[in-house]
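Annotated features in Swiss-Prot:
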BINDING   10, 11, 18, 89, 90, 91, 99, 124, 125, 126, 127, 128, 129, 130  ATP binding site
BINDING   10, 42, 74, 88  substrate binding site
SITE      18  site 'Transition state stabilizer'
């Protein structure tokens, strides 16, 4: 039986920290679904379609990654995709508290859904999409933190 995992997030935009997690996940699981949440409440800078396209290009070199948008409850999405592993990145203790709540709720909704927590490589442990956007808005150089296609798209958005 194939091990199918979901790595969900808003990915507004996808960063090299996210790519670090998804790349490592591809070595652990047969199929990884990079699930990009619509997240209208967060008022994303990029549309869902843009975020999916950016992530598809950024992960094109990874043969076992599928990038899809979703707006459903995570447990329902996982059930529909026949995945029982949820990948989550943890940068700090503050992330853990929130992620633990989500993991427990997801297990309540879908008992066979297991959460797997991965810490990003040290190089990416402090970055987030929000931080990268904020630095870029103030003309800071964020080239190192984003895939090339994403960096270009962010610069275009900020013009």
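Placed from the backbone N, Cα and C atoms, the Cβ positions cover glycine too.
On the structure: features taken from Swiss-Prot.
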| residue | record | Cβ within 10 Å |
| --- | --- | --- |
| 10 | ATP binding site | 18 |
| 18 | ATP binding site | 26 |
| 42 | substrate binding site | 12 |
| 74 | substrate binding site | 19 |
| 88 | substrate binding site | 21 |
| 90 | ATP binding site | 17 |
| 99 | ATP binding site | 16 |
| 125 | ATP binding site | 14 |
| 127 | ATP binding site | 21 |
| 129 | ATP binding site | 25 |
Cα-Cα, whole number of Å: residue 18 (ATP binding site) versus residue 88 (substrate binding site)?
10
Could you tell me the C-alpha distance between residue 99 (ATP binding site) and residue 74 (substrate binding site) in angstrom, no decimals?
13
Rounded to a whole angstrom, what is the largest C-alpha distance between any two of the residues 10, 42, 74, 88 that the record assigns to substrate?
19
State the Cα to Cα distance, in Å, between residue 88 (substrate binding site) and residue 10 (ATP binding site), rounded to an integer.
12
If you measure from the C-alpha of residue 42 (substrate binding site), which of the binding-site residues 125, 127, 129 fall inside 10 Å?
none
Three-state secondary structure, residue 129 (ATP binding site) (per DSSP):
helix
Reduced DSSP assignment, residue 90 (ATP binding site):
coil
Could you measure between residue 125 (ATP binding site) and residue 74 (substrate binding site) for me? Cα positions, answer in whole angstrom.
25
